[in-house]
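Have a look at the structure below before the remarks.
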Amino acid sequence: MSEVYEGAIGIDLGTTYSCVAVWETANVEIIPNDQGARTTPSFVAFTETERLVGDAAKNQAAMNPRNTVFDAKRLIGRRYEDPETQKDIKHWPFKVIDNNGIPTIEVNYLGEKKQFTAQEISAMVLTKMKEISEAKLNKRVEKAVITVPAYFSDSQRAATKDAGAIAGLNVLRIINEPTAAAIAYGLDAKSDKPKNVLIFDLGGGTFDVSLLKIQGGVFEVLATAGDTHLGGEDFDNALVEHFIQEFKRKQKIDISDDPRALRRLRSACERAKRALSSVTQTTVEVDSLSNGIDFSSSITRARFEDINATTFKATIDPVAKVLKDSKVPKADVHDIVLVGGSTRIPKVQRLVSDFFDGRALNKSINPDEAVAYGAAVQAAVLTNKADSDKTQDLLLLDVVPLSLGVAMEGNVFGVVCPRNTPIPTIKKRTFTTVADNQTTVTFPVYQGERVNCAENEPLGEFQLTGIPPMPRGQAELEATFELDANGILKVTAVEKTTGRSAHIEITNSVGHLSSTKIQEMIENADKFKQQDKDFAKKLEAKSQLESYISNIETTISEPNVMMKLKRGDKSKIEAQLAECMSQLELEDTNTDALRKAELRLKRTVQKAFASLR
């Protein structure tokens, strides 16, 4: 397709599932994938012959656990030694190695060991979402708005933007998931009176709570809180651990080091978790779980709630935090909107309702699609495709999720930009030298809420040199923190007497890639895409040849043909059939060889049958 789509798509890049939407004819359309599903598993699988993305990857996960990658969102922009990363590695069947502090996924693909970053895996999922939209629009898609959890750090946001670039997308904006969901909620319910709306977004792997003031088309985030490492996957993990222990107790077999058994048990636990949102008891069944032993166990909703009690309760702390940060009393929250598949869990709904003194919760928007919906609206606004009264005054005012600053003497965190500051923004703070005649100052940049920098996240550092020698404390060094609409940071420092300056765009933090590295990954992605196309063509040629062989074998076996066909001609056809079968059995055969074999067989058949006329 040569025609380029003028607008942009909205993508909800989820931990477990992703969703894509587009603004068309004054409305948002959620685009189904080739299976007809409106959400696509965020899974990528590698085999000896091909790469699979989405449903096809998830469906074969139990047979190929070590080479089926999921949860890339839990790795993106994180360091290998991060405690959360280490915790996750214990649950994943695929291998994650330390590559200079960057967690890197190692798989077997096309008979070789290959290594991929979380950005590259995410880019493969984004490419799939891009292709889904292109199939619908019949145009090439080049622009997108991608959503991230509100509590994502600068590194995680930048890494997500890089993933978009690797997928061949111009990422117009990174927007926060709860803000996108608020658009889905508020677009059709505009009011001139201000409304305080709490978005409770509990997905497959991340959790956000945002409080917004919505008035007309203005969506102003007052405060945000959450946990980038809490969601449905954690509830699955707890169930899996529960049943591992039960199987061990009953059968004296430990399956914790058996990736295939774990994948099958995880799938059964995920189904049970979903079922328990609508029934009070269900059964977890896995045929031949280990050593030919079938596993079957019933679980009640009450037991499921008990197993996850601590995790469920942890979802309420961020709710209290946003109300405290925004100084908005419970009673002044007009609506509590549930977003994310995990909000279907009755216990979660009860906890939220109880916190708000038994208030009814708003379930008016589709929890799986709301975020992509809001992203599509923002995409339409940014590309001037939003041609509706509903969107003409739309304005998003988001906030910084975590404080930003620099390390001062004693490794104390000097906050420059406090959390919940509206973005885009520019914040300044003056620092000074700590030693006499100091001519160089290093500015280590951090993000977090702790006093000790060691307990916050390092984003990068830069040096300001050429400071005139003077007694300690006399130099005036002004640090400027500039945050763009994506929440991505640029820091500048100026020595006021000389005007000498230095700056850093946070690009050397873990997760953010250099432009050279991104280009290299784009080329790799194109190479994999070509390999996928080549494999599909080979499969088609193989299938076509097999079908033709079958037809010819049937034809020459028919009595009336056998009687008329010359013995020599039949022998030639049989020889060609044998040659074609040999070609099909070759491991390293290619599309060209298969097509040539089919052509030779066709010519032999045509010559033989010409003599029958």
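Glycine too: its Cβ is placed from the backbone N, Cα and C atoms.
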Among Ser42, Ser153, Ser210, find the residue to which Swiss-Prot assigns the annotation phosphoserine. Ser153
Of the residue ranges 15-23, 69-77, 393-401, 573-581, the one that Swiss-Prot records as motif 'Nuclear export signal': 573-581
With respect to Swiss-Prot, which of the residues Ser256, Ser278, Ser296 bears the note phosphoserine? Ser256
Expressed to the nearest Å, what is the distance separating Ser153 (phosphoserine) and Thr206 (ATP binding site) at their Cα atoms? 13
Taking the Cβ of Thr40 (phosphothreonine) as centre, how many other Cβ atoms lie within 10 Å? 25
Per-state residue totals over the region 'Inter-domain linker' (391-401) - DSSP helix, strand, coil: 0 helix, 5 strand, 6 coil
Could you check which of the modified residues (Thr40, Tyr151, Ser155, Ser256) sits closest to Gly204 (ATP binding site), going Cα to Cα? Thr40
Starting from each candidate's C-beta and looking 10 angstroms out, tell me which of the recorded positions Thr206, Ser256, Ser353 has the most other C-beta atoms. Thr206
Model confidence over the region 'Lid domain (SBDalpha)' (515-611) (mean pLDDT, whole number): 84
Helix, strand and coil residue totals from DSSP for the motif 'Nuclear export signal' (573-581) stand at 9 helix, 0 strand, 0 coil
Spatially, and counting Cα to Cα, which of the modified residues is closest to Thr206 (ATP binding site)? Options: Tyr151, Ser155, Ser256, Ser501. Tyr151
Around Thr15 (ATP binding site), which of the listed modified residues (Thr40, Ser155, Ser256, Ser501) come within 10 Å, judging by Cα atoms? none
